[in-house]
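**Student:** Below are the features listed in TrEMBL for this protein:
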type: ACT_SITE; residues: C:E80; note: active site
type: ACT_SITE; residues: C:C142; note: active site
type: ACT_SITE; residues: C:H166; note: active site
There are 4 protein chains.
Amino acid sequence: MRKILLTGFEPFLNYKINPTMEVVQKLNGRVMNDWIVESFVLPVDFHESEKKILEKVQQIQPEIVVSLGLAAGRYKITPERIAINVKDGAKDNQGFAPVDQEIDVNGPDGYFSTLPIRKITNHLQEVGFPADISNSAGTYLCNNIMYSVLHYVKNEKLNCKVGFIHIPASHELAIQHGNVPSWSITDLTKAIEACLNVITLEG
Amino acid sequence: MRKILLTGFEPFLNYKINPTMEVVQKLNGRVMNDWIVESFVLPVDFHESEKKILEKVQQIQPEIVVSLGLAAGRYKITPERIAINVKDGAKDNQGFAPVDQEIDVNGPDGYFSTLPIRKITNHLQEVGFPADISNSAGTYLCNNIMYSVLHYVKNEKLNCKVGFIHIPASHELAIQHGNVPSWSITDLTKAIEACLNVITLEG
Amino acid sequence: MRKILLTGFEPFLNYKINPTMEVVQKLNGRVMNDWIVESFVLPVDFHESEKKILEKVQQIQPEIVVSLGLAAGRYKITPERIAINVKDGAKDNQGFAPVDQEIDVNGPDGYFSTLPIRKITNHLQEVGFPADISNSAGTYLCNNIMYSVLHYVKNEKLNCKVGFIHIPASHELAIQHGNVPSWSITDLTKAIEACLNVITLEG
Amino acid sequence: MRKILLTGFEPFLNYKINPTMEVVQKLNGRVMNDWIVESFVLPVDFHESEKKILEKVQQIQPEIVVSLGLAAGRYKITPERIAINVKDGAKDNQGFAPVDQEIDVNGPDGYFSTLPIRKITNHLQEVGFPADISNSAGTYLCNNIMYSVLHYVKNEKLNCKVGFIHIPASHELAIQHGNVPSWSITDLTKAIEACLNVITLEG
């Protein structure tokens, strides 16, 4: 069967849980059409998360890579349109806090997602989940792995579609962390499953 | 069995649906402990909604009245703390748009909810639904019926707890209407059921 | 000359400055029509702020009391419509953090502002400052002094108009504190001066 | 003297005024160090705004191009980090509403601003104006002219720094249009002047 690499993150900064970890664990091994989901949870560490996801791509040779990130404050499923060649932001779990650094000094300024982002948002809304294309994945780890995998796949000329999807907080995270919009884990998981369905039908 | 009057509203202003209508219809007839839910959907009309809810109170003699309203923009279940003696706001579905009018010229400036609002929010968070006490029910129909029923029950010295709970938009409403946080109807319904559970245990 | 008591607060919680303190200091001694402004800065302490403002009312016998508070997150000048009989919230600067306590066990649930709040917001917009009536002063110190002064003036049958106005963060506070809308101190001061002008013309 | 081309936009969509038009008109002809500002107001039309700004670049041969756009909802001065190769959004004033179109089919996915964006935001905060780098100029006209000028300058190998700065609504716009954060035109103008100062010192 053809493979989908689905990644989430461990909890980061001052959050205690990360709904992306729960979602990818729930979808691990899921079979859809001719495809099987292989899930992997990344550490909140600029260097390690990039290294680990590229290792996974080499190792399992997926034809689709979908990475999930938490966007606390958003209240829709938001596939990202573009990854940009910048690292900038708060300290990661290792204390690393880059300012306006390039991810790859020879890389282009940006890479568009190669997932069918418009079809994904249209399909999500048809099946009842609010969705929107986002035009910025930020400059933190989420953008970093999106850029790195797109750059790698381009340079290695791999037959692999790559993209990133930000999701809202879960109810559990909102209760612990406070004042952010949230969905139930059930809704988050169903919505990501719907995303993978559209992508595999395209693939 | 003892009775809970549970009210919602028809769609209002430029919205096509109203999740409060769906939630109260789903919970109509629900039995919990010694209590039964009687649901009623109110029109979006200052005069009629007030008249209809007071008629229902007289007719079914509930010991608990819980009214639901949509708070597009909120992302938690928010029991209201107080109703105030003001009508003010956009046109209702009949085109009536009061400015700073009193609901009752002889009424007090405000009435606190007689529902156990702190227990409700604590219980909701325990069972996994983000919740907060709200300190303003606005000055529109929601506040108007909350004030009117509290005023009526006080004046008539009825043995009846009264309050109002604002809920977020549903996913369906968010998809139609645009840029607001939302929950699934399943989550909204379960959360309101949890509210009624706490209130009846108190009652 | 007739007197206006104008109060602000010291910095509170984790903020380093408080624009209300700067605004009231700038307007101290200002004469408008037959009126003179007497400014006073209150401590961020539930007990002391209430005690101090009531002492000032007794001492200077103002015919107008306008209290200012910072509403970090708001981006308009917002006269408050009502004060409610509740103390609830985060720790004050003395570590006192009440939960759902009454301000006065024999007091009414709410007191409307006796300032001409609609005229204030209309006038502010005419002179170029965004403004809106707010329906909740919260449950923290701001609401507490608003309620206490309205209660005192009512019980003592004083000829004195009383109300509260929340203002946005200043640019300086926003730069220090982060992600909140802000106005320049110049704009904040001019806008409050415009408020006092309307109130004294009414008085 | 060396030239700065400073552009703003006419009012767009359902707005009646556009603060960027006012700001660029106020700064037209301003001399700073060896530089002079030449201001130009662009139409809200995808095709015309792009055509007009490129004509201006050819005609006046500026060494700096700074374009301003209104970001209703933002409350800081936000230099944009990147322009992306997409046109998408609501109808412009000519009724043109592209969906996910490329600006240039042979262009790269993104172009970083060549203005010193970090120095700009640091300087603004030092002189008292809240500022932040933005990672998305959207996909509407603002992004379109930013991308087009960067693309042109790159292809023509011109000695010219190019970038885009989004500004908050003005108080006047907020009063007319409703619920958005705002600054006074005085603050907006002073802040943009401070931006030009930093850029020319760099240039």
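Cβ coordinates are placed from backbone N, Cα and C, and glycine is handled just like the others.
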**Student:** Would you kindly give the Cα-Cα distance separating C:E80 (active site) and C:H166 (active site), rounded to the nearest Å?
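**Tutor:** Approximately 7 Å lies between the Cα of C:H166 (active site) and that of C:E80 (active site).
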**Student:** I need the CA-to-CA distance for C:C142 (active site) versus C:E80 (active site), whole Å please.
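**Tutor:** Each residue's Cα considered, C:C142 (active site) and C:E80 (active site) end up 10 Å apart.
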**Student:** Measure the Cβ-based neighbour count of C:H166 (active site), defined as the other Cβ atoms within 10 Å of its Cβ.
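**Tutor:** Around C:H166 (active site), other Cβ atoms within 10 Å: 23.
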**Student:** For C:H166 (active site), just give me the three-state DSSP call.
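**Tutor:** The residue in question, C:H166 (active site), is strand (DSSP, three-state).
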**Student:** Does DSSP put C:E80 (active site) in a helix, in a strand, or in coil?
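**Tutor:** It is in a strand.
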**Student:** Using a 10 Å radius around its CB, how many other CB atoms surround C:E80 (active site)?
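**Tutor:** Around the Cβ of C:E80 (active site), 25 other Cβ atoms lie within 10 Å.
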